[in-house]
Amino acid sequence: MFENEEIELSVDDAEDFDLSLDDAEEMEFEDLLSEDSLSEDFEEDASASMDESDNALPDDDQQEESTKKEGFFKRLISGLTKTRDNIVSGMDSIFSGFSKIDEEFYEELEETLIMGDIGVNATMRILDDLRDKVKAQHIKEPMACKQLLIDSIKEQMDVGETAYEFEDRTSVVFVIGVNGVGKTTTIGKLAGKLRAQNKKVVLAAADTFRAAAGEQLKEWANRADADLIGGQEGSDPAAVVFDAVSAAKARKADVLLCDTAGRLHNKKNLMDELKKINRVIDREYPEAYRETLVVLDATTGQNALSQAREFNDVTDITGVVLTKMDGTAKGGIAIAIQAELGIPVKYIGVGETIDDLQKFDADDFVNALFYTNEEE
Ligand SMILES: Nc1nc2c(ncn2[C@@H]2O[C@H](COP(=O)(O)OP(=O)(O)OP(=O)(O)O)[C@@H](O)[C@H]2O)c(=O)[nH]1
Ligand SMILES: [Mg+2]
């Protein structure tokens, strides 16, 4: 089965992935084009529910930009408490416990970084960079290394400026990831964010494998005040996406968010299906800007990193959403993802409600990680 804990695709699997174009053509999508086949029994236009909803979105305009930024940083600091305790308290005792910078000092730092889920390769690069800086600047005091280490981590995480272009264009956001990582929840939160910017949002419930998946997305559509296009349980997910693309075009939607299954009968099926859906979007909506987000559960640490690699092999990932950052000690994985894969973490999930999705900024993240009260 395709469990969270183990996603291991062999190269052989990958070679089998290719579905021929003919397969896709056989799906007779033309038949689905007619208006009345748009899965009406499942389709939901939740626009009426906005006003009386308990979950009405906060009015961004009412808040001062600076207060928001401050509040955001505070939330980030508190969300990262466990990760910070895990990594930084170990660091501080190394910085204060050593009287000189020697091999043993570097070894202790290495162990702490690796234990903090920063990843072996990223750790090596961070420490090589630190050694260079220490040498070049003739640093003798371990305490004086702290800021250099922070700088090195930030440099290794550099993936250039993170673009959120899809938010401002007519776009399709394809959301993928193994089961239970938080795909559906992330789509709900993203829909909420986009609706708060007054965008027209359509959700495609392309997880037709799990019985409750459609209902779950429908709830999020109501909460976020977005349209939903779904299909019956067991129906072809690529056909649902085909319908959703037609609806997005007809309704002049700004953003189409596609939820996908995290588990199928086996891994190969899942990857085949993702490829097939991808092809349908490419063919039917070539004018749309494409964003492919892989959702990873931060609590799974290094497994998240290998999942990102596997998905990157079958599709071009444009960004990562790292969920469940609230309360995990494994938040260091954000560093490993950017430093080792060069893929930007675009959002982090910090809770289960509609407001619990934040844009990720590597510098803010590292600052929050190393934040101590004395520095105020
Ligand atoms: N604490 C916390 N929980 C989260 C976060 N994101 C998602 N969850 C929870 O994780 C669980 C799984 O989330 P889903 O959105 O259903 O995950 P999924 O990837 O769609 O799962 P499948 O559809 O089964 O593949 C739910 O209980 C969510 O509330 C987060 O950022 N923080
Ligand atoms: Mg789901």
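Heads up, residue numbers simply count up from 1 along the chain you see.
The backbone N, Cα and C atoms fix where each Cβ goes, and this holds for glycine too.
The DSSP secondary structure for Lys183 (GTP binding site) is helix. What TrEMBL lists as GTP binding site is 177-184, 259-263, 323-326.
Annotation comment: TrEMBL describes 29-64 as compositional bias 'Acidic residues'.
Break the domain 'SRP54-type proteins GTP-binding' (344-357) down by DSSP state and the numbers are 0 helix, 6 strand, 8 coil. Positions annotated as domain 'SRP54-type proteins GTP-binding' by TrEMBL: 344-357.
Annotation source TrEMBL lists region 'Disordered' at 29-68.
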- Cβ under 6 Å from ligand 2: which of the binding-site residues Gly177, Gly180, Lys183, Thr260, Arg263, Met325 qualify? Lys183
- Number of other Cβ atoms within 10 Å of the Cβ of Gly180 (GTP binding site) across all protein chains: 16
- Spatial neighbours of Gly177 (GTP binding site) that are distant in sequence (at least 6 apart) but have CB under 8 A: Lys183, Gly262, Val294, Val295, Leu296, Gln307, Phe311
- Query: When you measure from the Cβ of Met325 (GTP binding site), how many other Cβ atoms are you left with inside 10 Å?
  - Reply: 28
- Around the Cβ of Arg263 (GTP binding site), the count of other Cβ atoms that are within 10 Å: 18
- Work out the three-state DSSP category of Thr260 (GTP binding site). strand
- Note on the structure: All chains considered, the count of other Cβ atoms within 10 Å of the Cβ of Lys183 (GTP binding site) is 26
